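Here's a structure for you.
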Amino acid sequence: MIRLFLPVVGVLLLQELLSREFDRRLFLSSLTYPRPRHFFLLGRLCAVLLLLGGLLLVLAGALAGVVGWVASGYEQATPVALGLPYWISIAFVMVDLFVLVALGTLLAVVASTPSFVLIGTLGFMLVARSFSAIVALLQRESWLVEGAETYQSSLGLLGFLLPDLAALDVRAIALYGQMDLLPQQWAWHLATAVAYGVALTALAVWALARKRFA
């Protein structure tokens, strides 16, 4: 639920802080100060990330409290690990949010309508979180569709264009308390996601520096 709720909150904040500021021509005052344009953009990006990070910590703490309270009266064969594994999974969620917010920032700069920021970011999220699972399913059960190899090759190309955000969902290590449930090459997935977010942010800065306002 947290991984669905917080991206929507982040996109709505970007719409208000960037897209609607361009629509309302408020940039005529905010961009007239003697400072580079990227200060304007990065300041709002950091504000959104800090707000989402704080909200994530609050929700994660509340969830841990509820789970701990329920677990105290219910004995489980594999109790939920609310220590280091739990907070590692929360850190992975934050990386996921960073990528989505960076994309939303880029769309807010280049899009002509604020609604495209919401549609584009959520569409990207659905694709980036699902394509690797679909490829894995077709590899295991190719009989599900005709021409499964064609689908696999087509979806496999997305791996060169998009980060695998599904690999950042590591809730299993907290649910079962086993760090070996981390996906293979988790460090590579984490590094590529961070690099992808940084690249999107740099592209947004470049686009804003060359944006001409009517």
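Each residue's number is its place along the chain shown, starting with 1.
Note: Cβ is positioned from N, Cα and C throughout, glycine not excepted.
The following feature annotations were taken from TrEMBL:
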- 39-72: transmembrane segment (TRANSMEM)
- 84-110: transmembrane segment (TRANSMEM)
- 116-138: transmembrane segment (TRANSMEM)
- 186-209: transmembrane segment (TRANSMEM)
Select the range from 39-72, 84-110, 186-209 that forms the most Cβ-Cβ pairs under 8 Å with the transmembrane segment (116-138).
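So the stretch in question is 84-110.
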Taking a Cβ cut-off under 8 Å, which residues six or more beyond the ends of the transmembrane segment (39-72) line up next to it in the same chain?
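For the transmembrane segment (39-72), the nonlocal Cβ contacts are 2, 5-6, 9-10, 13-14, 17-18, 27, 30-31, 79-80, 82, 86-87, 90, 93-94, 97-98, 101-102, 105, 109, 201, 204-205, 208.
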